Amino acid sequence: MVGRRALIVLAHSERTSFNYAMKEAAVAALKKKGWEVVESDLYAMNFNPIISRKDITGKLKDPENFQYPAESVLAYKEGHLSPDIVAEQKKLEAADLVIFQFPLQWFGVPAILKGWFERVFVGEFAYTYAAMYDKGPFRSKKAVLSITTGGSGSMYSLQGIHGDMNVILWPIQSGILHFCGFQVLEPQLTYSIGHTPADARIQILEGWKKRLENIWDETPLYFAPSSLFDLNFQAGFLMKKEVQDEEKNKKFGLSVGHHLGKSIPTDNQIKARK
């Protein structure tokens, strides 16, 4: 789509990797459709993933009792965050779509990407308790995870030894991305890439490029709207009583995280509602 901007965040150290090939395919496909594409190749940038006092360039509010969340929020408001954090925040602000390309490591994101989230998604910039989830600062933006795994798809199935991929994705897609407001699109899952032959890899890359041609028009994944909850500390941010009563006799819960003690909706974190 002409006029749109995309940010691709890559978390893989090797240019010969399939993750790098997926990133390159995304750049080519989006540019072909008129997108402006910016990259954050975290390993190539030697991005520092460790939060510390060095993230604040100005005077600390309480150096004797340093608390990173409070100090980083103040530094953001006063313009005293370190330049590398500010640079990434500017990329995010300009982006309509953010693609995260990485290998699944220990059932989560690589450490360097986790550090990127921790340092860049500063309070007041990426979230507040008054504006989170579908009311979050990034609510007009879309995000998609493009993940490779070592294990096969069956290993991440309901009966698989690793357990349901939907459960693995929830902390990332809901706890990080949607928490900050992102409309999260269906993840691009590439299973068992180390055991995938060359011809099949080419097909995967072509399928990814094909999907990206119309990715802006895709339906986001479903997350329980914040309007279903009492959004204040006195009420405990709990689901409203009338909503609980309404959902009581339904077969499935609302989502992976809001299962309400019932069966999880099938592929809640993998497929958008039709």
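The backbone N, Cα and C atoms fix where each Cβ goes, and this holds for glycine too.
Per Swiss-Prot, the feature FAD binding site maps to H12, F18, N19, Q67, L104, Q105, W106, F107, T148, T149, G150, G151, Y156, R201; the stated evidence is similarity to another entry. The feature substrate binding site is assigned by Swiss-Prot to A126, Y127, T128. The SUMO2 cross-link feature in Swiss-Prot is assigned to K250, K251; the stated evidence is similarity to another entry. The phosphoserine annotation in Swiss-Prot covers S82. The annotation region 'Important for apoenzyme conformational stability' is assigned in Swiss-Prot to 225-274.
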Cα distance, L104 (FAD binding site) to Y127 (substrate binding site), nearest Å?
25
Closest of the recorded positions to K251 (SUMO2 cross-link), Cα to Cα, picking from N19, S82, L104, A126, Y156?
Y156
The residue listed as 'phosphoserine' CB neighbourhood, other CB atoms within 10 A:
16
Provide the three-state DSSP residue tally for the region 'Important for apoenzyme conformational stability' (225-274): helix first, then strand, then coil.
10 helix, 4 strand, 36 coil
Among the recorded positions H12, K250, K251, point out the residue whose Cβ has the most other Cβ atoms within 10 Å, with all shown protein chains included in the count.
H12
List only the single closest residue to S82 (phosphoserine), chosen from the binding-site residues H12, L104, W106, A126, T128 by CA-CA distance.
A126
Residues near the substrate site, A126, Y127, T128 excluded, by Cβ within 8 Å of the Cβ center?
F121, V122, G123, E124, F125, A131, M132, G136, P137, F179, C180, G181
